[in-house]
Structure formats: structure tokens, C-alpha cells
Amino acid sequence: MRGRINAGLVIGGVLVGLVVLLALLSFGWTPRDPVLVDAAAKLHEPGGGYLLGADKFGRDTFSQLMVGARTTLYVGVVAVGIAAIIGTPLGIIAGMTSGRLGWLSELIMRVNDLVFAFPALLLAIMLGAVYGAGTLTAMIAIGVATVPAFARVSRAATMQVMVTDYVLAARAAGRRRTAVALRHVLPNISSVLIVQASVSFAIAILAEAALSFLGFGTRPPIPSWGRMLQESQELLFSTPRLALWPGLAIALAVLGFNLLGDGLRDYLDPKLRRIRAER
Amino acid sequence: MLSVEGLTVRAGSVELVRDVSFEIGPGERVGLIGESGSGKSLTALSLMGLLPEGVTAAGAARLGERDLVGVPERRLKALRGQDVSMVFQEPMTALNPLMRVGAQVTEVMTLHGRPAGQARARAVELLGRVRLPQPEQVARAYPHQLSGGQRQRVMLAIALANEPGLLICDEPTTALDVTVQKQMLDLIAEVAPALLFITHDLAVVASVCERVLVMYGGRVVESGPIREVFGNPRHRYTEGLLAASRLTPRGTRLPVIAGSVPAAGQFPDGCVFTNRCPHATPACEQEPALTGEGHAHACRHPADRG
Amino acid sequence: MILYLLRRLAVFVLSTAVAGVLVFAFMAVLPGDPAEVALGVNATPEAVAALREQFGTDRPAITQFFDWFGGLVTGDFGTSYVTSSPIGPQIGDRLGVTAVLVLGGMLIALIIAVPAGTFAAVHHRNPLGAVISAFSQVGIAVPAFLAGILLVFVFAVQAQVLPSGGYVPIADDPVEWLRGLLLPWLSLGLVQGAVLTRYVRSAVLDVMREDYLRTARAKGRGRMGALWRHGLRNASIPVITVLGLQLATLLIGAVVVERVFVIPGLGDLLLNGVAGRDLLLVQCVVMVLVVAVLLINLLVDLAYAALDPRLRGAR
């Protein structure tokens, strides 16, 4: 059973598609060199080869936005990947074990709660303090901090799937736990996971932007939306457009992934709707 | 007491209940039976002014001198819980989980103007009247501390608190254990003023009510005293319903009615039962009227088993 | 009831202890010796050893941990290796500023979200409700620091009615204190308010479908009367869960917003500590923030027990 395509899905899909397109395009082509410092083009007004103008180092804003999209997606994909790869199996195990193995489920969820007390930003700052800030530490921190969301959601979904007739039948037929988990549980909770991934991606973008803003994310000179914002702040009085574009990019990308997540939930999964993706 | 004239309930352009008319005299106990989707709950809710959003009622229904249909919410509010009360099907969720039982009974009285102190004392008295043991303790309990049967008694106490002229019960025992059902039914029969009792269970209606209305496809297809309707059903739907029920001795039961109840708005024109009726003829394409004094039926080919 | 409280309290204490071990272990793996770092490359081995003894870093890790953790519990946070000033008082001062920032933001979020969410739920069938939902969706997409920058642009750059940053202690000048905090509060509160509006809306919508609301109306309450008397308290239970999570989010969001508005709170202290390689300070601030998050979780659980009689008998 599939739901209908809804407005949120379309708008979200378009916004996400736009970000992906800009990022892919930036591998082969940008209007100008995004990292080239050019004193002659310092604070160049929009137009004349600089679509959205240039910053105080004469770097083209639009080219920076394009490469920034790449940074954003890169961090998001790796962070959500880490969270999904660790969190999903933990959640499935916690959802499948009860009774004699109940302690395992309890243990997983307790550890989960504890990790939850370490928000992404705090983890990244700690990691940055010890190992030096950078894209890698930011991705790991955001990924680890997102593990509990995946674990909780997949646990809740697994618990629902475990009491369905086909799983009960498979277990009655003596199927091994791992076989049940892989053949029945995982496919049936996959739509919930896709929705969670989309929502987590939005949060990862927010976290990456915040970290770059604080100087704990992607290192210069690689462009990143968060750092563009931070650099623009001192020029807010004279050149506010420098804050406008990266700010808009962040907001639209986050909006896109959130709408996509909500839209996918309505489209993919009328059955498990009661399970909300965790923000 | 209660008189309903041409009650029609619509959701948009779909007619869910059509042209229903009946009367209930003072102290009379009337059953309303039919399968789910027949429109019996909507009929009851429209008398309470509690139809879901987007669903509207037309026609006339009056309780004594007061109109119940087509009246602004402000005036209906004053009637609900005061002149008409209702007990719902699901006792487990019908009470506010965060509020003590006594306060929930008291509320319906203070809401209609009784002083708080008096209402509190009467709440305990009412809990005793619906045969809850140790009513003082029950009044201090929260709903989750009571069983389903006990909660339904609390609902009954709430419904009776202001001595309404009419009590509506919508499947009040369906969710209860069989052992508790009988006690509950006896209690309702004992304490009810005039009663409109909704159920799909023919045996239940036979034990509580004096008169019965059979609904199908949003219409009353047969009505009359229980003894006559159940002993000598005229409408083919009633006939099928009875044949399939546990009122008929085992072994002589007929197979259930063919097919299933269509979705709202999908009923055939003319006689709504045509598509499932073994006796249907082209004549049935014209809608039959509900005819007959006392024992009335709306069927072109009525059963007549004497 | 008492058992429930004790259980929650035990979970809190245990989590705090484990979090302490994690934070300590994490910072302890750091290469480099604080004493060497403090004295620089030209220091004599004797001087380093002496300083090491003074810092206490020559002792086994276990002893150091218990020393540090025991200190935390008694309020003695130790002395910074870098600035040689005691850490406790610094954290104390900054904690107050951050708490005011976070609570003010939360208050604004609630003032926005409760009426807006309830309104959107009651009017979920008409366009006005949909507009509120759309606004909250957009609000969620704007991070607090971006909201801060936008607010600065509007109120400090364009209208020039509020300062773009800085912090004046309330004892010095209450009016300037308030003016300085307004924009930071709004940047935290507007965004969280947008997020919270969605949750309030769905909680109220869920409650509106409950049977006991129909019961209340059958008693003679109007639609709004039933919702007010019977719905809101029930709806507050799921909202409180989110509120707890949000307080934690706000606490972390405050770290960034403090940077935007140059407010001397815990976040500022933490970032300065990282910049100055003052690891003991970082360790302590991180621990304080984590304990604050755990404490919020505990408070949420206690709020449940106070609100929901079904929990009072539990466990």
C-alpha cells in the first residue's frame, strides 16, 4: 500500500534535488575558483561575472555556495551513515529481544539514553579539543550523536513488526533470529528508516553549519555554509548579502530534507505512521 | 417524550442516515439494532448534538418541548447531560485518565448549576446507586484503578446524575466480559428513564427493550414490539439477521446474509437491501415506505410466516 | 510512587557517574603532558616533574579520576593548568548567564507554541491552521544562530533599537541587561517555538480524538470547554517529553548563540577553553553541560509522575 504523492514530498524533493545538483555540478564546474583570493574583486557587487557578488577576500559567493553544498552533503551522508549502521542493528536487537534476553534490550536502551546526553555539538567540541577540529571529527560527532535516534525508532518499529502474523509464523516455523531479522524485520522497517534518515540529514546539516560557524567544522579554505555565515557576521552592517545567501542555503536545505522526510512518511508508510522520526 | 421526524444525517453529499422517524414514550425502552455501518450510532449522536466535524443532521427531533436538531451548540450544551445523557461503547477510554472518578461525576452536576458541595455528596450516592461497592473509595480512585465493568458503571452514574428524561446507550456492554454484561444490562433496565438502546446483539435487545427499530443502510427497515418483530419478522433483512443470530436454536440457523454491508454512500437505490436480498425483484428498485401501525416494515416482498 | 522516584534518582546518579568516566577517559587519552605544555619546550625535567606533582598528573589515572569526580560532587572543580585560576567560580558565574539565556528562550518558545499549536489543532481543517503549520515548518529550518544574525540585521542594523551584542550584568543596569538579552532570547525562542508548535499541535489533535473529550461534551461542555478542562493537561504529557529534549537542545544552542551575541556564558567559556588548550576547564564545562542534560531528563520524569496518576503506582 502506497500513499499519495503529496505537496511536501514534491517541494522537499525539488529542494533536495537542487542541493544535490549544485553539489554534483561543482565537481566539474563552478563559475569561478571558489577559493581564489583576489584583492581586486574584494566585496564585488553582484553581477559582472559574480552572480551573487564576492566576499571580503574577493571569492565568488555563488561558487562558494556550490562547493559548500558538497561539504554539507558529504558531512550529512557520512554522519547519517554512521548513525544508521550502528543504530539500526542495535534497535532491531533491542526490539527483538525480550523475556530471557530482556536485559540486553534494557542495556542497549540505557546506553542509548546516556549517549543522548552528549549532543552532537558537545561531542564535536570535545573531539575537536583533543584531535583538532575538522570535517572528520564533525562527521563522527554528528554521527555518534544521531545513533540513539536510529536505535529508538528502529526498536519501536521492530516491536510492531514482531507481533505481526508473518513474523509470528516465521518464528513458529523455527526460523533463526538472524533470518527473521534480515528477511522480515529489516524490509518492513526500511521505510521508517528512510524517513528517519531524511529527518536526521536535516539535523546533520544544522549541526554542521553550527560547528563550522564556531570553527569546529570544515577547515578553511574548503567552503562551508556555516563558516560563510560566520565570516559574514562582522560585515553585517555594510554587506548583509554575504549573510543572506549562506543563511538561505542552510534554511532551504534543512526545509527540503524535513519536508522530504514528512512527505515520504505519508507516501511510503500508512501502516507504521504512529512511529515519528526523532528530531 | 422523544419524537424524531424525518431525521437525515449527511457527510457532504453522502446520506448516512435517511428519513428516520420514531417515538419513545416516558419510561419506554426502545432498542435500535443493525450491523455496523447501518447508521445507528450516528442517529444517536445526532440526538446528542455530538456528530463528528463535517457531518450534519437535518429533520426534527424534540424531547418534550425542546428541539434537539438544528439548534445552536450553545443551547444543545445546556441539554446534554441534563435532559439527554449517553453511555458510550468503550469504557476503558471514556473517562479522563488524569481526573479522580468522583470529580468526573461531580463535574456533570456543577456544570448544570448544582452547588459543588451538594454535587460531591450526590456523586458518592450515585456511585452507590450503580452498585459500585464502597462508593467513597471509588470516588477517590483514578479510572485506571477500576475494571471495565466498573468504569461503565461510573459512566452510567454520570449519565444519570441530573435525572435526564432520556438515556441513550451505545453498545454499552459490547466491550465488557460476558459475566459482567448481564449485571450491567439489568442495572440499565432498572435505572433508565426513557431508553434508546443501541446494539448489534439481538439477544441483548430482547432482554432489555420493549420495542425495537431495525436499521440498515441508514434507514429504519422494520419497527415494532420486540415480541412481534422477532417472532414474526417481515423485512427480509430482519429475517436474515434473526436467522443468523443466537436467538435461533442451533441447527436450524440459516447461513448469514450474503455479501457484506456496503460502504457509506454505496448502497443501492430503491430498497437499500436489494443487492443482498434473496427475494429482490425489479419492483425493489422503487424505495419502499415504512408502513404499518405498531409493527411496521419497509419491504416489497415481506416475509409472512404467521 | 516512592519506588518510582528512587528508581529515577538512581538512574540519574548512575548516568552521571558513567558520564563522568566517559568524559574523563576521553580527555585523558590526549597526547601531551599539561605540565610540559605549561612550561614550554625549554623547561628542565625537574621543573616539569615539580609542576606535574603540583597538578597531580603524576598519579595513576584512577586516583586522578576519583580526585576530579569527588571534587565535582563537592563543588571543587580544581585549578586550571593554563591560567592557574580556580575553575569552580568561573563556571558558577557563567552558569547563571547561560541559565537565564536558556530559560528565557524556553519561555518565549512556550508563549508562542502553546497558543499557536492549540489554535492550529482546533482549526486543523481550515487554512489558518495550515498557515501556522507551514510557518512552524519554516521555523524549524532556521538554526538559532542564523535567526540571531537575522534579528541583529533587523533590530540592530536596520532599526537600530537594540544592541547587536554584549552583556551587561543585571546589577549594573537592569534595563541594558534586558535590552542585551532580548535578541538572544528571541533567536533561541523563535526557533524552538516553531519546533514546539508542531508537537503541541499534534498532541492537541491526538487528545481531541479521545473518547473522554466526547464524554465531557456529552456532560454539557462546549468544544473549547471540554478541550480546556480535560484536554490540555492530557496533551501536556507528550509535550513535556519534547520540552525536556528541547531544553537540552537549547542549552547547546546557547553555546552558539553566546558566540553570535558575545555573551559570557558557559558556551563562551568552553570555546575559550578549547582555544586556549585549557583541557581541565573544557572537561569541567562539558561535564556540567552533560549533568544539566541528565538533570533535565530527571525533572521530566518527575513531572510525569506529578501529572499522571497511572505512573504514580508504577514500579
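For all residues, glycine too, the Cβ spot is worked out from N, Cα and C.
Caution: TrEMBL annotation is automatic and unverified by curators.
These figures come from a predicted structure and were not determined experimentally.
Sequence-distant contacts of the transmembrane segment (C:9-30), counting only residues of its own chain at least 6 positions beyond either end whose CB sits under 8 Å from a CB of the stretch, comprise 61, 64-65, 68-69, 72, 279, 282-283, 286-287, 290-291, 294-295, 297-298. The annotation transmembrane segment is assigned in TrEMBL to C:9-30 (among others).
Under 8 Å from some Cβ of the transmembrane segment (C:95-122) lie the Cβ atoms of residues 128-129, 132-133, 136, 167, 181, 184-190, 192-205, 208, 223-224, 227, 232, 243, 246-247, 250-251, 253-254, 257-258, 263-267, 288, all in the same chain and six or more residues away from its ends. Marked as transmembrane segment by TrEMBL: C:95-122 (among others).
The domain 'ABC transmembrane type-1' annotation in TrEMBL covers C:95-300.
Feature annotation from TrEMBL assigns transmembrane segment to C:134-157 (among others).
Sequence-distant contacts of the transmembrane segment (C:177-200) (same chain, six or more residues past either end, CB-CB distance under 8 Å): 100-102, 104-114, 116-118, 120-121, 132-133, 135-140, 142-145, 147-148, 151-152, 155-156, 162-170, 235, 238-239, 242-243, 246, 249-250, 253-254, 257-258, 260-261, 263. Under the heading transmembrane segment, TrEMBL lists C:177-200 (among others).
As annotated by TrEMBL, transmembrane segment applies to C:237-260 (among others).
Proximity of distant same-chain residues to the transmembrane segment (C:280-307), defined by a Cβ-Cβ separation under 8 Å and at least 6 residues beyond the stretch ends, is recorded for 1, 4-5, 8-9, 11-12, 15-16, 19-20, 23-24, 27, 34, 68, 72, 77-82, 87, 90-91, 95, 233, 236-237, 240-241, 243-244, 247-248, 251-252, 266, 269-270, 273-274. The transmembrane segment annotation in TrEMBL covers C:280-307 (among others).
If one looks beyond the transmembrane segment (C:134-157) by at least 6 residues along the same chain, the residues whose Cβ comes under 8 Å of a Cβ in the stretch are 116, 120, 163-165, 183-184, 186-188, 190-195, 197-198, 201, 253, 256-257, 259-261.
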